[in-house]
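Asks: One structure is given below, represented as C-alpha cells, and several questions about it will come after.
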Amino acid sequence: MTLRIAINGFGRIGRNVLRALYTQGYRQDLQVVAINDLGDSAMNAHLLKYDSVHGTFDASVEADHESLTVNGDRIAVSAIRNPAELPWKAEAIDVVFECTGLFTERAKAAAHLAAGAGKVIVSAPAKGADATVVYGVNHDILRASHQIISNASCTTNCLAPIAQVLHREFGIEQGLMTTIHAYTNDQVLTDVYHGDPYRARSATQSMIPSKTGAAEAVGLVLPELAGKLTGMAVRVPVINVSLVDLTVNLKREATAEQVNQLFLEASKHSRVLGYNALPLVSCDFNHNPLSSIFDANHTRANGRMLKVLAWYDNEWGFSNRMLDNCLALCRAG
C-alpha cells in the first residue's frame with residue numbers, strides 16, 4: 001500500500017524531501033498528497049523546479065491556486081497557520097512531515113494528530129518526541145505505537161554513524177565535535193541587529209562560531225554515549241555541504257590505518273555511511289544522499305586520542321533520511 005504523505009512547511013527540507021521522493025526511488029511506496037505552506041503555490045512550484053544548490057528538478061511541475069502537480073501527481077495545497085485546522089482527516093494522511101521548524105515540541109506537533117494524521121515526523125530535534133531516530137543507527141527501535149518521532153538534525157545524522165562504529169570497536173571515553181557548517185537561511189546576508197551578536201553578522205563574509213546540540217543528541221540515539229560527547233559549530237561562507245570534525249579519547253589505542261580499515265568495512269554494510277579516500281573538497285559531496293562520508297585522508301591518531309572527519313550534504317542526505325524513517329516507522333511492528 002502506498003502511504004499518503006503531507007508536508008507542513010515547504011522550505012529547504014520540505015522541497016528536497018519531495019524532490020528525493022521522485023528521484024531516489026521512494027515514489028512507489030510514498031505519495032505526497034498535500035502541502036501546507038503560507039507561500040504562493042506558483043512561487044513554490046518555481047522554487048521546487050529550479051534550485052540554486054541542487055539544480056533543475058527532473059520532473060514536470062505545474063501549479064494552480066489549489067494544487068501542485070508533479071509528474072502528473074496532484075498535490076493539494078493549503079495555507080493554514082494552525083496545524084490543528086489542517087484537512088488531514090479528509091485527505092486520509094498517514095504521515096505528516098513537519099518541516100516548518102516551528103512545531104518542535106511534542107505538544108505542538110501533536111496538533112497534526114488532532115487534525116487526523118496517523119503519525120508525525122519532525123525534521124529537527126523535537127522535545128518530548130516518542131523517539132529520536134537516526135536511520136541506519138537506531139531505526140530498529142521504532143514501534144507501531146510511536147506517533148511523533150524526530151529525524152534529529154543533519155549533524156547528528158552525520159555524527160552518530162561515526163560514533164557508533166568507533167564506540168563498537170574501540171570504546172569512546174569522551175569526545176569533542178566541531179561541525180564546520182554551511183550557512184543556512186536563519187542567518188543574514190548583511191549585518192543586521194540581532195539579540196545574538198554572532199547571528200547579527202553576515203553569513204557570506206565570516207566564519208561564525210555558533211552553538212549546536214548535535215553532539216549531545218547522539219546520547220538520545222546511542223544511550224551508551226549519553227554525556228560523553230559535546231561540541232560546537234562554525235558557520236562558514238558556503239551554501240551547502242558541511243563537515244564533522246570529531247576528536248575522541250578511546251578506551252584503547254588505535255592507529256590511523258586501523259581506523260580507516262574499520263570504516264572502509266563498515267561502509268560496505270551501511271546504507272547511510274560512505275567512505276572516501278580521494279583528495280576531495282566540500283563541493284564534491286553536493287547532492288550526496290548519504291548521511292555521513294568518512295574521509296580517510298585526514299585521520300590522525302596519537303595513542304588513545306583520535307581525530308576523524310566526515311562530510312555530509314546537510315540538505316540532501318537529511319531529506320533522504322526523512323523518507324527512510326517514514327518507511328521504517330510505518331513498517332514497524
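Every residue gets a Cβ built from N, Cα and C, even glycine.
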Asks: For the D-glyceraldehyde 3-phosphate site, TrEMBL lists Ser153, Cys154, Thr155, Thr212, Gly213, Arg235; sort out which one of Thr100, Thr104, Thr184, Thr190 goes with them.
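Replies: Between Thr100, Thr104, Thr184, Thr190, TrEMBL records just one in the D-glyceraldehyde 3-phosphate site with Ser153, Cys154, Thr155, Thr212, Gly213, Arg235, namely Thr184.
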Asks: TrEMBL records Arg12, Ile13, Asp37, Arg81, Asn314 as NAD(+)-binding residues. Which of Ser123, Ser145, Ser267, Ser270 is assigned to the same site?
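Replies: NAD(+) site check in TrEMBL: besides Arg12, Ile13, Asp37, Arg81, Asn314, the record includes Ser123 out of Ser123, Ser145, Ser267, Ser270.
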Asks: Let me spell it out: for each of the binding-site residues (Ser123, Thr155, Thr184, Asn314), count the other Cβ atoms within 10 Å of that residue's Cβ, using every protein chain shown. Which one has the most?
Replies: Ser123
Asks: Of Arg12, Asp37, Arg81, Ser123, His181, Asn314, which recorded positions come within 10 Å of Arg235 (D-glyceraldehyde 3-phosphate binding site), going by C-alpha to C-alpha distance?
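Replies: Those close enough are His181.
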Asks: Check Arg81 (NAD(+) binding site) against DSSP and tell me helix, strand or coil, would you?
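Replies: It is coil.
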Asks: Sequence gap of 6 or more, C-beta under 8 Å: which same-chain residues meet both conditions with respect to Gly213 (D-glyceraldehyde 3-phosphate binding site)?
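Replies: For Gly213 (D-glyceraldehyde 3-phosphate binding site), the qualifying residues are Pro125, Ser153.
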Asks: What same-chain residues, at least 6 away in sequence, bring their CB to under 8 Å of the CB of Ile13 (NAD(+) binding site)?
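Replies: When sequence neighbours closer than 6 are ignored, Ile13 (NAD(+) binding site) has Cys99, Ser123, Glu315, Phe318, Ser319, Met322 within Cβ distance under 8 Å.
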Asks: With an 8 Å cut-off on Cβ distance to the Ser153, Cys154, Thr155, Thr184, Thr212, Gly213, Arg235 Cβ center, who else from the chain surrounds the D-glyceraldehyde 3-phosphate site?
Replies: Thr179, His181, Ala214, Ala233, Ser242, Asn314
Asks: Rounded to a whole number, how many Å is the Cα of Cys154 (D-glyceraldehyde 3-phosphate binding site) away from the Cα of Arg81 (NAD(+) binding site)?
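Replies: With distance taken Cα to Cα, Arg81 (NAD(+) binding site) is 26 Å from Cys154 (D-glyceraldehyde 3-phosphate binding site).
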